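Peer 1: Just lifted these from TrEMBL, have a look:
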REGION    75-94  region 'Disordered'
COMPBIAS  83-94  compositional bias 'Basic and acidic residues'
BINDING   Glu120, Asp138, Ile140, Asp141, Asp283  Mg(2+) binding site
Amino acid sequence: MEQLIESRLDVLSLADSLDSSAENSDVSTAPTTECSSPLDLSFTLAKYSMTESMLPIIQDKLVAIAQTAGKMMVDADPSVDTSDTKKNSSDRVTETDKAVEDMVKSRLLSAYPRFAFLGEETLKDGQKLGDEPTFVCDPIDGTLNFIHGFPNTAVSLALTVEKKPIIGVVYNPFRGDLFTAIKNRGAYLTTANGSTKRLPLRPIPAPLASLNDCLVAIEWGSQRQGSNWDLRTSIAQTLMTSKSSGGAMVHSIRSNGSAALDFCYVAAGWLDVFWEGGVWIWDVCAGWIILEEAGGVVASANPGDWNPTLEGRLYFAVRGAKRAEQEGVVKELWGLMGDRRFVF
């Protein structure tokens with residue numbers, strides 16, 4: 001653990017010089033969104049008796065806790081792990097979900113008792129994200145994958161201040177992939193062999209001319225009927241259909257079973273876009289800051305909204321590219337929706 005943290009800090013020490021070179025590049029994010037708007041981070045943190053120098057320390061705490069959570073996940077036996085149904089058979093929670101969140105909450109609030117905590121499994125009725133520093137936790141994002149033994153699942157931890165993510169940690173213990181980001185310091189992927197690389201993995205992202213060039217992520221969710229389901233499946237079909245038949249003819253569609261990892265895969269450049277309506281703040285909070293720090297943008301899944309909120313349940317993540325290309329891909333998919341909208 002100490003070697004991993006030291007290696008990550010060495011990489012972070014290069015962030016300032018890399019950021020300055022990125023400012024002179026023609027690769028940029030798309031229109032400013034609520035969570036990516038210019039922020040005087042030092043001033044904002046000072047209101048809560050925090051400094052920017054605290055952020056790497058908090059991140060290292062989150063990494064250590066995420067790795068403990070990962071060991072709990074790997075050591076668990078999903079075949080005997082008691083699971084409960086939330087809304088239907090595709091919306092499940094296991095005892096490991098609950099145990100991981102209890103551990104995360106206990107360790108974080110012990111270290112930072114003045115911070116708030118918002119977790120998927122311990123959410124109180126009516127609890128909303130506030131302005132105060134808040135840890136946001138999804139103990140196992142991809143619970144169905146976990147139950148089936150499919151190794152695409154992760155623990156997702158984030159810190160928000162004034163409803164904006166400033167630290168994100170997403171860890172898949174089955175692959176050994178650790179995605180991290182701190183506001184204004186870049187996003188990184190540390191792999192199982194201990195190597196750390198800045199995101200996106202391509203220093204100069206490939207052109208993003210249209211949806212026709214895109215590998216698209218869509219998750220199916222647990223709501224399998226009604227207008228939202230009809231919209232989701234209709235757009236998926238249009239994206240896959242040939243242009244001669246009125247479709248977008250994307251390269252293909254992927255459903256990874258984890259919104260947190262979808263965001264990270266877009267940040268890395270493994271996916272081009274992720275269009276999603278219906279997941280929750282804990283599914284996307286950490287991935288959001290990781291994507292933004294990798295030069296990506298988050299718009300709304302519904303047309304016309306460039307300012308989605310963390311709690312809005314409507315997300316359209318686009319990888320790093322030239323600003324005009326990011327805008328173009330977003331508007332192209334919005335155009336396929338016509339006057340249809342997700343409603344939650």
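Yeah, the Cβs are placed from backbone N, Cα and C, and that goes for glycine too.
Any TrEMBL annotation is an automated prediction that lacks curation.
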Peer 1: Helix, strand or coil by DSSP: which one applies to Asp141 (Mg(2+) binding site)?
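Peer 2: DSSP assigns Asp141 (Mg(2+) binding site) to strand.
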Peer 1: Might you list, by sequence position, any residue in that chain lying six or more from Glu120 (Mg(2+) binding site) with a Cβ less than 8 Å away from its Cβ?
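Peer 2: Listed in sequence order, they are Asp97, Glu101, Cys137, Asp138, Pro139, Trp280, Trp282.
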Peer 1: Starting from the Cβ centroid of Glu120, Asp138, Ile140, Asp141, Asp283, which together make up the recorded Mg(2+) site, report each further residue of the same chain whose Cβ lies within 8 Å of that point, ordered by sequence.
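Peer 2: The surrounding set, listed in chain order, is Cys137, Pro139, Gly142, Thr143, Ala154, Val155, Ser156, Ser258, Ala259, Ala260, Trp280, Trp282.
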Peer 1: Please compare the binding-site residues Asp138, Asp141, Asp283 by how many other CB atoms fall within 10 Å of each one's CB, and tell me which has the fewest.
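Peer 2: It is Asp283 that, of the binding-site residues Asp138, Asp141, Asp283, has the fewest other Cβ atoms within 10 Å.
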Peer 1: Let me know how many other Cβ atoms fall within 10 Å of the Cβ of Ile140 (Mg(2+) binding site).
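Peer 2: The answer is 29 other Cβ atoms.
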Peer 1: Please state whether DSSP places Glu120 (Mg(2+) binding site) in a helix, a strand or coil.
Peer 2: coil
